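See below for the structure under consideration.
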Amino acid sequence: MPLLLLLPLLWAGALAMDPNFWLQVQESVTVQEGLCVLVPCTFFHPIPYYDKNSPVHGYWFREGAIISRDSPVATNKLDQEVQEETQGRFRLLGDPSRNNCSLSIVDARRRDNGSYFFRMERGSTKYSYKSPQLSVHVTDLTHRPKILIPGTLEPGHSKNLTCSVSWACEQGTPPIFSWLSAAPTSLGPRTTHSSVLIITPRPQDHGTNLTCQVKFAGAGVTTERTIQLNVTYVPQNPTTGIFPGDGSGKQETRAGVVHGAIGGAGVTALLALCLCLIFFIVKTHRRKAARTAVGRNDTHPTTGSASPKHQKKSKLHGPTETSSCSGAAPTVEMDEELHYASLNFHGMNPSKDTSTEYSEVRTQ
C-alpha cells in the first residue's frame with residue numbers, strides 16, 4: 001500500500017524533471033533603479049499532434065505563486081490579467097510560438113527584487129519551468145546626467161547648455177528635466193533623453209552653481225549633476241596702456257588712448273596760458289608804476305635861484321613821493337606836494353633822484 005502512494009509522487013517528480021521540457025535563461029540579473037533590462041530566454045517543449053494548431057501562451061510568475069489563483073507579472077495572452085504593480089513594466093517580448101521567452105523590465109523598482117519562473121501553455125500541454133529560475137536584483141541609481149557647455153561663457157552672450165542621460169532606456173517612461181541656476185535662462189528644445197538650457201550669464205554669475213536634475217517618474221527616483229559656471233570677463237574699455245600688435249586691436253582701446261592724450265594736452269596748454277597771462281599782467285602793472293614814478297619826478301624842476309629853505313623842503317618830500325608810487329603815502333599829501341613844487345622849481349632833479357628811479361626799475 002505505501003508503494004502505491006509513492007507511485008503518483010514519483011510520477012509527478014518525473015514530469016517536473018521531464019527532459020522534454022527545458023529552459024535556458026540567465027539565472028541572475030542586476031538593474032539600477034529606474035532603468036531597464038532585457039533578459040534573453042529560450043525554452044523547449046514537446047508538441048503532440050493534437051496541439052500543433054493551438055496557440056502558445058507564455059507567462060512569467062513570481063516565485064511561490066499559485067497558478068490557479070495568482071496573476072502573472074507578464075504574459076502574451078491578451079485577455080489575461082497581470083499584477084498591477086508590474087503592468088506595463090514587465091513584458092514578454094519573446095514569441096512563445098518560436099520558443100522565445102525573453103523578458104523585458106523597464107522602470108525597475110525596489111519591490112521588483114525576487115525570483116521568477118516561466119510557464120507555457122499550448123492546448124492541453126501545460127508546463128511550469130521551476131528550474132532554472134530568474135533572480136532579479138534592483139540596486140541604487142548611480143548614473144548621473146551629463147552637462148555639455150560648448151565654448152566659453154561670456155557676459156551678455158547666450159549659450160546653449162545640454163543635459164543628457166544617454167544611459168536611460170528608450171522603452172521606459174521619459175524622464176523629467178529640471179534646471180536650477182541664478183543666471184538668466186530659458187528653455188530650449190528637448191528630446192526624450194536630453195534638455196537644452198539657453199543661458200545668458202552676467203559677470204556676477206561666475207562661480208555660481210548650475211544644476212540639472214532628472215526624475216524618472218516611472219520608478220520615483222531622481223538624479224542630478226551640479227557644476228560651477230566659469231564666466232570669462234574682459235574689460236571693454238581699458239585705458240591704462242597701449243600694447244603693440246598687428247593693428248587688429250579694438251577701436252574702444254585706441255579711442256580711449258586718443259581721448260586721454262587730447263585731454264592731457266589741453267590741460268597743459270591751459271596751464272601755460274594762465275601762467276603767461278599772469279606774467280603779462282604783473283609786467284604791465286610794474287611798467288605803469290615805473291612810468292608814473294618818472295612822470296612825477298619830471299614835475300619837480302629845480303632852479304639855481306631857489307632858496308635853501310625851499311631846496312631843503314623839496315628834499316624832505318622826495319622820499320614821500322617815491323613811497324607814494326608803491327601805494328604807501330596818502331593821495332592828499334601827494335597832490336599838495338605836486339602843487340607846491342610846480343610853483344617853486346624850474347630845474348632838473350638831482351642826480352641822486354635819478355639813480356633812485358633806475359634802482360626802482362631794476363626791481364621789476
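Glycine is treated like the rest: Cβ placed from N, Cα and C.
Note that this is a predicted model, so its numbers are computed, not measured.
Here Swiss-Prot flags 1-17 as signal peptide, drawing on sequence analysis.
Asn100 (N-linked glycosylation site) falls within a strand segment according to DSSP. Under the heading N-linked glycosylation site, Swiss-Prot lists Asn100 (among others), citing experimental evidence as support.
The Cβ neighbour count for Asn113 (N-linked glycosylation site), using a 10 Å radius over every protein chain in view, is 12. Summarising the annotation, Swiss-Prot assigns N-linked glycosylation site to Asn113 (among others).
In the three-state DSSP assignment, the secondary structure recorded for Glu154 (D-galactose binding site) is coil. According to Swiss-Prot, the feature D-galactose binding site maps to Glu154, an assignment based on a large-scale study or a structure entry.
With a 10 A radius on its CB, Asn160 (N-linked glycosylation site) counts 13 other CB atoms from all the protein chains. According to Swiss-Prot, the feature N-linked glycosylation site maps to Asn160 (among others), an assignment based on a large-scale study or a structure entry.
What Swiss-Prot lists as N-linked glycosylation site is Asn209 (among others). Secondary structure at Asn209 (N-linked glycosylation site), taken from DSSP and collapsed to helix, strand or coil, is strand.
Annotated N-linked glycosylation site per Swiss-Prot: Asn230 (among others), in sequence order, evidence recorded as a large-scale study or a structure entry. Taking all protein chains in view, 12 other C-beta atoms sit within 10 angstroms of the C-beta of Asn230 (N-linked glycosylation site). DSSP assigns Asn230 (N-linked glycosylation site) to coil in the three-state reduction, outside any helix or strand.
Annotation source Swiss-Prot lists transmembrane segment at 260-282, citing sequence analysis.
Residues annotated as region 'Disordered' in Swiss-Prot: 290-364.
The recorded positions recorded for this entry are Asn113, Glu154, Asn160, Asn230, and the Cα of Asn230 lies nearest to that of Asn209 (N-linked glycosylation site).
Reduced to three states, the DSSP call for Asn160 (N-linked glycosylation site) is strand. Here Asn100 (N-linked glycosylation site) is positioned 23 angstrom away from Asn113 (N-linked glycosylation site), judged by their C-alpha atoms. The Cβ of Asn100 (N-linked glycosylation site) lies under 8 Å from the Cβ of Cys41, Thr42, Gly94, each of these being in the same chain and 6 or more residues away along the sequence. Geometry remark: Asn230 (N-linked glycosylation site) versus Glu154 (D-galactose binding site), CA distance 9 Å. The Cβ neighbour count for Glu154 (D-galactose binding site), using a 10 Å radius and every protein chain shown, is 15.
Counting only the Cα atoms, the space from Glu154 (D-galactose binding site) to Asn160 (N-linked glycosylation site) is about 12 angstrom.
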